[in-house]
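*Asks:* So that we are looking at the same thing, I have put the structure below in structure tokens.
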Amino acid sequence: MAERGALSLLSLLCLTFLYTATTAAKHVDKGSAAQPFIPFWFTVEPQDTLAIRGNAAVLNCSAHSDAATPARIEWKKDGTFMSLVSDERRHILPDGSLFFTHVVHSKHNKPDEGTYQCVATIDNLGSISSRTARLSVAGMPRFASQPAPATVRLGDSQVMACEVNSDLVPFTRWEKDRQPLELSTRLVQLPSGALVISNATESDAGLYRCLVENVGSSKSSDEAQLQILPETGEERKLEFLLQPVSVTKVVGASVLLPCVVTGYPAPHVRWMFGDKLLQESEGRVEVLGGGSLQIFNLTEEDAGVYTCMADNSNATIEAQAQLTVQVYPQFVKRPANIYAHESMDIVFECEVSGSPAPTVKWVKNGDAVIPSDYFKIIKEHNLQVLGLVKSDEGFYQCLAENDAGNIQSSAQLIILDHGSGGVASPAGPTPSAPRDVVASLVSTRFIKLTWRPPAEPHGDELTYSVFYSQDGTSRERVVNTSRPGEMQVTIQNLMPDTKYRFRVVAHNSNGQGESSAALKVATQAEVQVPGPAPNLQAVSNTPTSVSLSWDKPLTGNGEIVTYKLYYTDKSVGNEQDVDIDGQSYTMTGLKKNTEYSFRVVANNKHGPGVSTEDVVVRTLSDVPSAPPQNLTLEVQNSKSIMLRWQPPPLNAQNGEITGYKIRYRKGSRRSEAAETTGGTQLNKLIDGLERGTEYSFRVSAMTVNGTGPATEWTTAETFESDLDESRVPDQPSSLHVRPLINSIVVSWTPPENQDIVVRGYTIGYGIGSPHAQTIKVDYKQRYYTIESLDPSSHYVITLKAFNNVGEGIPVYESAITRPQSVPDPTPMMPPVGVQASVLSHDTIKVTWADNSLPKNQKITDNRYYTVRWKTNIPANTKVKMANTTSLNHMVTGLKPNTLYEFSVMVTKGRRTSTWSMTAQGTTFETIPSSSPKDVTVVSKENKPRTIIVNWQPPSEANGKITGYIIYYSTDVNAEVHDWVIEPVVGNRLTHQIQELTLDTTYYFKIQARNSKGMGPMSEAVNFRTPKTSNLPPKPGPSGNQHPQDPGTSVGKSGVGSNSENHILVIVIIISVGAFTIIVVVVGAFLCTRRTTSHQKKKRAASKSSNGSHKYKGNSKDLKPPDLWIHHERLELKPMDKSPEPNPVMTETPIPRTSQDITPADSGLESNPHLQQRRNSYRGHESEDSMSTLAGRRGMRPKMMMPFDAQPPQPVISAHPIHSLDNHHHHYHMGSLASPTRSYLYHQGSGHSRPHACTTPISHLDRVDSTESVRNTPSSEPLPPATASSQASCPSEILADPEGSYHGSTTTEEEPSYSSNLPPHRSAHPHAHAHPLKSFAVPAIPATSHPSYESPALPSTPLLAQTGTHALKLRSD
């Protein structure tokens, strides 16, 4: 400890020495030849004084200086030096104070009253002036008003007047019956001198007078009798005896606002400050004398309007007064001492505050600085001196003054000689004079100079200084080139039509060289260029922008061509410009909370004009963009934790930090508590916590704009009990070491005395000595691995516990690291039982077991596990890894609906295992995060009122796309619910929309949907339908439209009124209908015969089985099915595969308006048009959804799932068929990911259950697409289920033995109505001629009435594999 302290002290001394040497080197210009700054200031300054005529008085003043000669003190009165050599009445004391032996003051002779200031001077250095002080002389006592006889009723208030000179009020007192009157809260003397008597009693009666004493002569007022009258109880009107008057006070003073009210019933007096009721506070705010308000130790916040309100049961009166609080001037930034060379420009900064705003003036060596071309006041209060000369040396003072007072602060300027370097002779030759100095560009306000390098440069990196002065003056200014080697410079801010002298000097590493000959150049006369643009204003609108505006120059000298705006970042200093055409501009992209200066130059055809003065504006502040830094937690005791932090980086604060917000929570709870601190407070003690509990903390910085980002959560745990920290901890109870090749594992146990606080442990180690290296660890830690050690080396290790008092007794141990030749350890066993549990769409939890651990699987060593994972989509995905010290790991940030593989490896020291067996997990789906892409709309050939919409799936589907929603409208700005919507079920990528209006622009948007919901909409795509139809016109009025007959192919355009055409259409309809009936009857007859023959065979087989369901006949009669034939056509694939390899488009006539979509189906029978519209929605799906191959396979329906009921990965398995006559064969669904997701129809849902063979579109597709998109409940009747729950198909939709399809073969003009047709009779199974006959299940004999599938049966693609055969399913 002592060694570290000595080391720290030595380091501090070294740094102090280096800093002092560096600072001195900077200030004295490479040597000590320049004189140092002389400390010179006033230790005492004169104060305002009230003197008594004829008495002595003193004005104090004293100055301190480190100069060899003491400072000489002189005095000024009213700005003029006083001559006190022969003055016997006034003289200067040895400390510099001004002493008056007796003050002279009369009506016509006031030689001593006035404003005084002392001036301290050091010969050959300069002078400084003190603040000014006012010496006032108390006048002769005069009474403006005197007490008058008065009466007062018991309990009421009265005022005895006594008004004297304001400066004599402190010398005024009251007497009652010629005895001094003791004042109290009931008897109060006002600032005017008057006496207030409140709550009068019998003892208050008597003779009163006021006296003025101790002012040279005493004077008393007239005596006045005060009588006390009894209270009669009669009502008296409320009225003010004294009202509050406006008053001005300074900060720190006291004020008394009088308010005296009389009346009966006795009034109650209250005070309001602004609009708030003023409450009394002990020692600060008091109500005296029944109503007068006294406020002590005034602050700026006390300024405002005060209202005295008096009320009783009959009336209320009030009076107001304004309190103004003045603040003494204070320095925010004082001027600083400056070293400078001749010809340089310098600025003395001075920033003051106060109320009212102080005025500032500058004094040099006691004399006022008068602004000129070379002495300028900039930025309100700063003094700029241009072109320094030797005579500018001295003391400069900033004097600030307002009504409350005045203050001063001084700084010294020392001019350094160029030759002074503290070296006898230069280290080497300096450059000769630069050659050929010429003015290459001369304007009215600037001159550009160029030159050639010196003939003898004596160096490579030359810099140049240009000295210039106005012709006829000796004061030179200097401008340096911006970089070495630059041989041109532009001198700005010159006066027009003025002659200047220029000379150039080169510098090399040895110093300043010879000067060039003087070049005289005159600027151009300013007669043609514009004048300055007046009224330049700059306002910050946002933290990164400033709006500027200005007026046209009063002297434009022609048309203004453009304006050039110059702006400078004050924190950097480089000026930039931008050309502007108008008289306003908004500058964007600026830094937040940064000061910028702006100026504008107008340009006409002759060139740039006169620049405006700089306007400085600071951009607005913003919330911090970075969190606080270095957050640390220190547990104080069992109930409190100390937080410490540092502010955010300066460039990320974006304004003044007004405070810090601390949020903390207990353990892993989500509920948080909050605390705030002041802007400069960088620590906070959080107390009231629970014992032995872990808390998490985070801190964020605040500005006036809001709260910035917070730090990461940092945790700490409170102590279980309040322990002793008045002494150091005891020795750790044990220390164990385990050497390895390059490291030593140190483990220990805490001290036996658990009642002393242990805040951590200090580990020391080294070869032969434990003091070479030290490491501190947390008090919870019980082991540590010392790394980077040498093999085969003897190390001594020490361990000490410490707390805030100090370090305890150490415990020692030694160890020898192992030699380098130790063979590598054997590999560890890999983890086993790796499991991947899917938690969400982007999170999977991986767990495992480690056989090398004990049975309780508790990790006690420093082993860790590495989890790696990847997905095969895309194939080149990189493997990701993460380390953990527990037996599980939460993998986040995964892609939805993606299969991942996981494996784990364990590492312990230098031993590692191989990778474990892999576990797989597929993340859940989530809604699509992107819209369908490449949306295009084209017109269908020969159908101008039909369009085809094409698109591509979304890039980020996040699951199996179960459908799309097409929105279209003629108004792109319409609300979403006003657009017409079209559902597209499945994964089809094209769709037809019919019956659009000709020559109309439509807008289309598409939304994708999966089992989790809808994704975002695509951008609107517009398409305009053709102007005219390509179809031949039909005679008859266009307005006579009728709904299309369901059995015809006539469009919606209606039938003409021409009688011949009408008759022809009727004849064609009758002919087609008769032909259809004949075909149906013949087909039914043939099917009936075949069914009868097949049923006879079935009965025979059934009899031979003696009623058993198993087929026991001769195996030669019928071979068992070959389960391996056509096995690739089994529906064993994931259900997210489309049943059709190439999606085909659907064609759906869509109403032109949303009103055409009927909310319910109850009116379909009564409205043929609506029924046709509904049928077209559903029936047309069958036309394009069924491919030719699907038709040959026996009308295999498309598999569709509800949008909200799709499992992640359904797996379907097929069981072998034991016998072809077995009527109980059934197919099972695979395990679903969630029991809530199912393909079953729900009981009592109200949806119709069509027979399994009715239409190639499953009822599930139609119902869900209608319900989820159109919100139209189905009202189709639900036929009663039969006892056998047997599926039945009409003969019109059964496949023939050759596999041809005789179902609903609708065309584009003919909607399919097969889904609404009742079955004619029971289905008749065909012969087993289908290519998949090994998987076909023969149907049972037909019943006498149709039956429907059970509502509880799953609708799966396996039902479609049965071809044209009816399938009986188990319902148990």
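Using N, Cα and C of the backbone, Cβ positions are placed for all residues, glycine too.
Take a look at what TrEMBL says about it:
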{"type": "SIGNAL", "residues": "1-25", "note": "signal peptide"}
{"type": "DOMAIN", "residues": "39-136", "note": "domain 'Ig-like'"}
{"type": "DOMAIN", "residues": "141-227", "note": "domain 'Ig-like'"}
{"type": "DOMAIN", "residues": "230-324", "note": "domain 'Ig-like'"}
{"type": "DOMAIN", "residues": "329-414", "note": "domain 'Ig-like'"}
{"type": "DOMAIN", "residues": "433-526", "note": "domain 'Fibronectin type-III'"}
{"type": "DOMAIN", "residues": "532-622", "note": "domain 'Fibronectin type-III'"}
{"type": "DOMAIN", "residues": "627-721", "note": "domain 'Fibronectin type-III'"}
{"type": "DOMAIN", "residues": "728-821", "note": "domain 'Fibronectin type-III'"}
{"type": "DOMAIN", "residues": "830-926", "note": "domain 'Fibronectin type-III'"}
{"type": "DOMAIN", "residues": "931-1028", "note": "domain 'Fibronectin type-III'"}
{"type": "REGION", "residues": "1015-1055", "note": "region 'Disordered'"}
{"type": "COMPBIAS", "residues": "1038-1055", "note": "compositional bias 'Polar residues'"}
{"type": "TRANSMEM", "residues": "1063-1088", "note": "transmembrane segment"}
{"type": "COMPBIAS", "residues": "1091-1101", "note": "compositional bias 'Basic residues'"}
{"type": "REGION", "residues": "1091-1122", "note": "region 'Disordered'"}
{"type": "REGION", "residues": "1134-1187", "note": "region 'Disordered'"}
{"type": "REGION", "residues": "1238-1372", "note": "region 'Disordered'"}
{"type": "COMPBIAS", "residues": "1321-1331", "note": "compositional bias 'Basic residues'"}
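Could you give the neighbours, burial and distances for every feature on this list?
*Replies:* Broken down by DSSP into helix, strand and coil, the domain 'Ig-like' (39-136) contains 0 helix, 47 strand, 51 coil.
Per-residue confidence over the domain 'Ig-like' (230-324) averages 87 (mean pLDDT, predicted model).
Residues of the domain 'Fibronectin type-III' (532-622) grouped by DSSP class, helix first, strand second and coil last, total 0 helix, 48 strand, 43 coil.
Residue counts for the domain 'Fibronectin type-III' (931-1028) under DSSP, split into helix (H, G, I), strand (E, B) and coil, are 3 helix, 55 strand, 40 coil.
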*Asks:* Taking contact to mean three or more C-beta pairs under 8 angstroms, with sequence separation of 6 or more, is the domain 'Fibronectin type-III' (433-526) in contact with the domain 'Fibronectin type-III' (931-1028)?
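*Replies:* No, the domain 'Fibronectin type-III' (433-526) does not contact the domain 'Fibronectin type-III' (931-1028).
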